[in-house]
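Marked as domain 'RNA polymerase sigma-70 region 2' by TrEMBL: 22-90. Residues or ranges marked as domain 'RNA polymerase sigma factor 70 region 4 type 2' by TrEMBL: 121-169. Positions annotated as transmembrane segment by TrEMBL: 244-273.
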Amino acid sequence: MTDTKLLGAFLGRHDVEAFEALVRRHGPLVLRVCRDVLDDPDDAEDAFQATFLVLVRRAETIRDPDSLGRWLHGVANRVALRARADARRRQIRERRGVEMAAMAPDHDDDEAALRELRPVLHTELDRLPKKLRDPLVLCYLEELSYEQAARRLRLPLGTLKARLSRGRDLLRSRLTRRGVAVSTLLLLALLGERAGAVPPALIASTVDAGILLGRRSRAMPPTIPSRIAGLVDRESGAGALRRCASLVVLAAMLGVGGLFLCVAVSAATPVIADSLVPSKSTPPSGCHAD
């Protein structure tokens, strides 16, 4: 069943099986993003749950449900980045009074560098133009074959491969502009990392929370941990702000266009009027003065 039908079943009748199917289908992608951005496994699972609760809250605003995986990638990245910032603030509070030099690093320099690179990679991937981002997400994060991705996007196979190549090149270029030099091989290795299975307990708890949230008219249930609820509320609010900003920009563009139109009409009106309104001394054509 397509994402569009599953999402419709969940929105229409809070279908538990439909929502669970969505979590199982897209869970590996979401968990991979959360684990790439967050060091702590518990924080990653919190961000995972928050991402799907944002889906419950904002499902009706998704313009293209068949692009749900790519939509979830963006939400998961933003939620995980907020959770990462929260975690770092907690660490700073916990480390007050502790000599940082006395604390040995948990990982070697190469692994630490990769941990810092992965969040940047997902952020820049999310910022790519849709026609270049979608093939990368489908082939590397959702792990579809070229043929499957081409069918999903309704593209010829050659066009899909060309967009994959252009997307990788643009992604590398944007990483370089941020001071991150990445070889083609390293980029392919990072994009091609396997997502891994989602723990069954995490799927079950996420589905339960999502169904409960949906049945409460999307009001946050008190049983949802505050740290997860906070992530959901901030992303939901940010999404509303982004939509409002888009509407403001559109209104401004229409307003400017309308202003130019009014000015043009105003400027042209006297000329038209002068040419159409007959002079008192000259009778209209085809008529005779008495």
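Sequential numbering from 1, following the chain as shown.
Every residue gets a Cβ built from N, Cα and C, even glycine.
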Within the domain 'RNA polymerase sigma factor 70 region 4 type 2' (121-169), what mean pLDDT does the predicted structure show?
96
Structural state census, the domain 'RNA polymerase sigma-70 region 2' (22-90) (DSSP three-state):
63 helix, 0 strand, 6 coil
Can you break down the domain 'RNA polymerase sigma factor 70 region 4 type 2' (121-169) into helix, strand and coil residue counts using DSSP?
40 helix, 0 strand, 9 coil
